[in-house]
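Undergrad: Pasting a structure below so you can have a look.
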Amino acid sequence: MGGIHPAENKLTHEVATKVAALPKQAIFPLGQHIGAPAKPVVQKGDKVKVGTMIAEAGGFVSAPIFSSVSGTVFKIDTAIDATGYRKPVIIINVEGDEWEESIDRSDKLELVAAHPELTPEEIVKRVQNAGVVGMGGACFPTFIKLTPPPTAKAECVIINAVECEPYITADYRLMMEHADEILVGLELLMIGAKVTKGYIGIETNKPAAIELLTKKCDEKFNIAGSKFNVEVVPLKQRYPQGGEKQLVDAVINRQVPAPPAIPVNVGAIVQNVGTAFAVYEAVMKNKPLFERYTTVTGKKLQNPGNFLVRMGTPMKDLIDACGGMPEGDNKLLAGGPMMGKALTSVEVPICKGTNSVTIISDDEARRKDAQPCIRCAKCVGVCPMGLEPYLLAKLSEVKNWERAESEDITSCIECGSCQYTCPAYRPLLDNIRLGKSTVMGIIRARAAAKK
Amino acid sequence: MSKLIVSLSPHAHSRDSIERNMYGVIIALMPALLASFYFFGLGAVIVTATSVAACCFFEWAICKYILKRQQNTLLDGSAIITGLLLAFNVPSNLPIWIILIGALFAIGVAKFTFGGLGNNIFNPALVGRAALLVAFPAQMTTWPKIGQWDTYLDAETGATPLSIINSAIRMGDASLLEQLPSSFDLFLGSSSGGAGAMGEICALALLLGLAFMLYNRIITWHIPVSILGTAFVFSGLLHLANPVYPDPFTVLLTGGMMLGAIFMATDYVTSPMTPKGQLIYGVAIGFLTVVIRNWGAYPEGMSFAILIMNAFTPLINNYVKPKRFGEVSK
């Protein structure tokens, strides 16, 4: 249903991942996942190592945060994060590179068969304790997804390897460079979720990854005596296919109903390839989540590339490693051009969900003036949720919240396809977001009043 | 120091624009325009030029002097389309002063009283035509024969295929239909002695325009296919029941059927927003056109059918919703 085909601009597809240099100072926002912010467990002046927990989970829906560097806690303060606001952070001055001894730093591939202690509960516990969250950008704590509510029953794990955002190639590089680890991660996810069926959804613009993973899955899972069956599903390119609901629909042909339903209500647990890799490292290597694959890209950037980055590294360091910020006016994005957040500062650090640092330059960075809606209906045609963006935007403009609610504004996934396609350059999603958050507030207030 | 630009996502755009769509429609109208020049000669050139120039002038003048808008919508191409379509709907011997009145009605009354581009309820060109038909019934219903290269006001007029059909039905005499040109001639527009409105004479040229617009995704298939399909099936059944009603191929190839289905009913502003709504709209137009042609006062029903359904478009938009993702069919 719906969808668009934005220019791919995958400039860094064949650029092998480099290890990013250590920053001088690392910044750790306490709220870099969905849910309650983490609570600091270190104080100014404390010595930390790579992998030391610096903040614990601040509630059930939350995740602990680990230091990615060794050094001294400089201060617990506020700094501008991806939202543009000053938020609580822990800042650590980097000294050397000393790791916690409990972390297995070897390259040896650990297999599940050698670890009989890995019960589903043990896997979920380790994933929780390592602070693993969804690495595709949404940052929902992974252990919660693995323990669905009693009303739903998981039937399969779907690995999201779609990477339908333009520019970003971090997941692709990870697949090409660490396919074995990802498959062990998938195995752990399947054990943790108590299912035996797995899928890997990949768009057909990544034929090498499809071939590689199909071969590896056939050798590892799809053999006589294997408990598991994993299917690599090549998908026709279409944005926003990497959206959770869209992917479940594309892979197992089931549509997740409107909120509050989630994918597991139709039997699917969706995890990003980066998350599968993080799960492998957390469970098998005892390595908490403190580094990730990130693409640093832009048409005017001198040497765009893919990096293995310690979280907390300011974006400026990475941009400088790629030749520095291009001349002229730029838009700096955490994420890709369709759903990424425009940043107000180059000092914003890489977080758990930062899959890309994208720089859009000059004219592409500016919006054109909006013209009158000509009712061409193209926004209706591309909406992947079957909504009418022109109508929702208008209802938000005139503050008709009741009608906006009855027109299902809360189903909007904010993919931006409508605004991308609008020939009149109307700020459709801006208005819909405003309406959506207002309507969600009204719904919450109503629910609270009932209690 | 260079700036960081901040806005909400999405940060990419398809680079589609109003101009691209409007000028796309204009390109799609070119085969039909050339056909009208070929068949109606000098008259067609004068009528088209007058109509386009008048529509553009009224658009510019109203924007600038009456509404005093900063952004003048003259160049977006929509006024040119209205001018072309108005010209396509009138006889090629229509005096200039009548065309000017039609253009004023189209742009001034039908478009700008509602707020200009994007806000009009009725198709401007059709409102212009309807106004002229009511005000100047004599001039608007005498149609020059084709093949008169160098005539304008003094062109020799003749019966259109639709008027032949109309009298056949009224007299209940199916033999009158034998005067009709063959379907093949109607398709090319080359019927000897045929007459009609400028833009509707050559179905082939209009279909070329349709193919261009579909290929460039300016419009979708829903409206033209549902109109033509409904008209074909409905008139086919009537023809089988009573041969005084013309055969369905003739119905599709005569009068404003093709022009209306391809260029007039598909007007963005006045047609429904959802594919399902567009199908309802198209089926209703196809049905109403045949009804008006066969049993109404006028030989041609296309433009009235479209105007009637224009009025229903807000209602259709209100009740016909796309299938929501994840919605369980009731």
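Cβ atoms here come from the backbone N, Cα and C positions, even for glycine.
Reproduced below are the annotations present in TrEMBL:
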type: TRANSMEM; residues: B:21-40; note: transmembrane segment
type: TRANSMEM; residues: B:46-67; note: transmembrane segment
type: TRANSMEM; residues: B:74-90; note: transmembrane segment
type: TRANSMEM; residues: B:96-114; note: transmembrane segment
type: TRANSMEM; residues: B:121-140; note: transmembrane segment
type: MOD_RES; residues: B:THR160; note: FMN phosphoryl threonine
type: TRANSMEM; residues: B:194-214; note: transmembrane segment
type: TRANSMEM; residues: B:221-242; note: transmembrane segment
type: TRANSMEM; residues: B:248-266; note: transmembrane segment
type: TRANSMEM; residues: B:278-296; note: transmembrane segment
type: TRANSMEM; residues: B:302-320; note: transmembrane segment
Undergrad: Can you work out which residues elsewhere in the same chain, 6+ from the ends of the transmembrane segment (B:221-242), have a Cβ less than 8 Å from its Cβ atoms?
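TA: Residues packing against the transmembrane segment (B:221-242) from afar: 210, 214, 248, 251-252, 257-258, 260-262, 265-266, 271, 275, 278-279, 281-283, 285-287, 289-290, 294.
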Undergrad: Does the transmembrane segment (B:194-214) reach the transmembrane segment (B:248-266), going by 3 or more CB pairs under 8 Å (6 or more apart in sequence)?
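TA: When sequence-distant Cβ pairs are counted, the transmembrane segment (B:248-266) touches the transmembrane segment (B:194-214), since at least 3 lie under 8 Å.
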Undergrad: At a C-beta cut-off of under 8 Å, are there same-chain residues at least 6 beyond the transmembrane segment (B:46-67) that contact it? List them, or none.
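TA: For the transmembrane segment (B:46-67), the nonlocal Cβ contacts are 33, 36-37, 73-74, 78-80, 82-84, 86-87, 90, 92, 94, 96, 99-100, 102-104, 106-108, 111-112, 116, 152, 198.
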Undergrad: I'd like to know if the transmembrane segment (B:278-296) touches the transmembrane segment (B:74-90) in this structure, counting it as a touch only when three or more C-beta pairs sit under 8 Å and are separated by 6 or more positions.
TA: no
Undergrad: Counting Cβ pairs closer than 8 Å, which of B:121-140, B:278-296, B:302-320 has the most of them with the transmembrane segment (B:248-266)?
TA: B:302-320
Undergrad: Residues sitting near the transmembrane segment (B:121-140): Cβ under 8 Å, six or more positions beyond its termini, same chain?
TA: 81-82, 85-86, 89-91, 94-95, 98, 101-103, 105-107, 109-111, 114, 264, 267, 269-270, 298, 303-304, 306-307, 310-311, 313-314
Undergrad: State the count of C-beta atoms found within 10 angstroms of the C-beta of B:THR160 (FMN phosphoryl threonine), not counting that atom itself.
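TA: Its Cβ shell of radius 10 Å holds 24 other Cβ atoms.
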